[in-house]
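What TrEMBL annotates here:
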ACT_SITE  Asp273  active site
ACT_SITE  Glu291  active site
ACT_SITE  Glu292  active site
BINDING   Asn276, Gln290, Tyr331  substrate binding site
DOMAIN    92-224  domain 'PARG helical'
DOMAIN    244-480  domain 'PARG catalytic Macro'
Amino acid sequence: MEERADVKSILPFLPLQLQLRPSSLSLALVWPEAAADSLRSLSLGPAVSGVHSGHQLFGFIVALRDTLGFSSQPPLSPHAADGFSLFFDQLMSREHAKVWFEENLPILGGILLKFPSLLESHYDKSDKMFGEGGNGLRILEKQHVRIVLLSQELIAALLTCSLLCLFPTDLRYSYHLRNINFDQLFAGLSFKPRPSQEHKVKCLVHYFQRICNQTPTGYVSFERKVLPLEPSCGNIYYPAPDIWKNSSVLLCSFKVFYSGLMEDEQDEVLEVDFANRYLGGGALKQGAVQEEIRFMISPELIAGMLFMPSMENNEAIEVIGSERFSYHKGYASTFKFAGDYRDEKLFDSMGRRSTRIVAIDALSRIGVAQYNVENILREANKAFCGFMDHSKFQHYLPRFQGNTETAGSSNLNLVEKKLKLEKINEESFAESRIGIATGNWGCGAFGGDPQIKSMIQWLAASQALRPFFHYYTFENPALQELEQVMLGMVEKRWTVGQLWQKLSEYSCEKLNGNKNLSFFKFVTPALRMLH
């Protein structure tokens, strides 16, 4: 175990340690003895642990962290204690609190006691699926194409660690990782609280209640996707501008939804997470917009925050198999937990639900600079990176071989193994029929132009050979003519190259001072022209 590259990579970020196993004279993952004793007491219920309230739970957390030697770690949020007390002692009904402390919390203690054995089983299974050595749970470093497959039961243990604030945090900043403990989440209940914060916590507590009632048995995969540098274009990532300009790929079919939610899609889709470059964004703070909401209703996504460093311009993160546990309503300050959700998605041969989510981060708050061709290229390549399917893009793999420092070619064998796994998925889910479901990516707080962002995503989905493109406008008034514009382009059989050319021409118009000209008004005359 101690020689595994994956274990060496992740161990500094876990609360476990390697200890000699006398029976085999090998090292095993274990809890420190004092921590194991505390968890055993928690698993035996409040009569033994003394944890009957939120106030006592936080005291238990502090003591448990001391058994892990966390005195030198950055402290928990100073308002976390108030948040735990407020939620479990005041906001939660006394009936539900009784069940939480007498039934749920002891089960979570038992899950944590199993954490070391769950992790060792994970590494054994990883070796069988991917080949021995190095592709189990680890930090998925930037510029390296890798995939990690985790059981839902292991994810439950990881998230319980988050709930009890058991992850060491001293190294996370230097590795471009955000905090994954829940102290800031609970602190947000008492310090400058927002109406949505209580409901975010309700979603997560509901998740824990569900897994206490029935242990989930599926799997979730997390993949870091990377575009290589274009060898002939210096520091430009593939695809280069000329590839977009000269593309003869027809724009794919589309459907515009003026109401509804992506997560309620009935078709097989790759659902876009309007991501922060740090996966999860403000999910564990006070954020409550698209990405954060998705992470609350499907908390297993949070597990990726443990080991996924922030994304670079040529990277995306794809997650397959996460289960949805909650209904919700509202957005931002009006977000609310709306009850239990039973996920009926089918499973593939790897035990993953057919829920596919891709995280891509848009450029943030760059104003008129978003119309520069260089920035349009950045957004198109970012979307393409997220939308592309390696099982259809094997001709890209040789390009990785020539760029070992920028595209992770040292992991080419892992990509090839991933392709074999995707071959399995094609049999189970008819991969060629999986389209894109997206919306106003980067158009809220990030300040993006929704007309431009919709076109960029459509051409990226088309170039990635996705069969269809579903766009959710969320009633944005700037997109009232979206369906009409897209229909005009499809009827005239526009290619990716033609749409790219119009975006380039529009860029010149905007940068030359035509501030009030929208893209739809700019392109409409070309759609009215006869063939």
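Every residue gets a Cβ built from N, Cα and C, even glycine.
There are 23 other CB atoms within 10 A of the CB of Asn276 (substrate binding site), with all protein chains counted.
The Cβ of Glu291 has fewer other Cβ atoms within 10 Å than any other of the active-site residues Asp273, Glu291. For the domain 'PARG helical' (92-224), the DSSP counts in helix, strand and coil order read 76 helix, 12 strand, 45 coil. Looking at the domain 'PARG catalytic Macro' (244-480) alone, the prediction's average pLDDT is 87. Sequence-distant contacts of Glu292 (active site), defined as residues of its own chain at least six apart whose C-beta falls under 8 angstroms from its C-beta, comprise Lys200, Gly280, Gly281, Gly282, Ala283. Geometry remark: Glu291 (active site) versus Asp273 (active site), CA distance 6 Å. Annotation for Gln290 (substrate binding site): same-chain Cβ neighbours under 8 Å, separated by at least 6 residues, are Asp273, Phe274, Gly439, Gly444.
The Cβ neighbour count for Tyr331 (substrate binding site), using a 10 Å radius and every protein chain shown, is 16.
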